[in-house]
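According to Swiss-Prot, the protein has these features:
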- 16, 17, 18, 19, 20, 21, 22, 23: ATP binding site (BINDING)
């Protein structure tokens, strides 16, 4: 059985400071939901497009100002929404994003740009149905970055990550759920899966689908709950 969520699909954004485990969770959620019959599109920001590539180069070298990075982020996100996110949601897919516009608000905000202006710049971007905020202390995130053999970039200082964490915590967005990312990866996956199943229950009961179809879909998703 293929689980479709028309109209509108389901948009899931995974956020948090560096080292929180966003990429690991995004990949594991995709595998878990696909195994249960969901049609999932996994993506990330910055993307691999021309604007996203410039942004990653900037993260490594620190050559761009906060304003210049913000401009590239918006260009990258416009293209991402138009070419991938909006079409996938229109098909009724589940879209999982490893970072989205809240990261821009947190990181560019930590660099000194006004939060209200950053939110206004992102008004065009579809709001997530589920926003999973992976929260952990910056020293833990930095230790994880070093443990995987990566050298911290200019964003990845304890002071900057503390500022980002504070901004993430203060963002008031619908669908936001705080997940304890200091726990092991299996525990984080279980927390996230339970949140998503609850969101899917709301969507499947309210999108006009036959009751038996929604029930069968939820049974499949619940059966795929991580042990």
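Any Cβ shown, glycine's included, is placed from N, Cα and C.
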#### Entry: Other residues, Cβ within 8 Å of 16, 17, 18, 19, 20, 21, 22, 23 Cβ centroid (ATP site)
134, 136, 141, 144, 181
### Query
For residue 20 (ATP binding site), which residues in the same chain are close in space, meaning a Cβ under 8 Å from its Cβ, but six or more apart along the sequence?
134, 135, 136, 141, 181
### Per DSSP, three-state class assigned to residue 16 (ATP binding site)
strand
### Query
Quick one: what's DSSP say for residue 22 (ATP binding site), helix, strand or coil?
helix
### Query
Name the residues of the same chain, 6+ apart in sequence, whose Cβ is under 8 Å from the Cβ of residue 22 (ATP binding site)?
14, 15, 16, 98, 99, 134
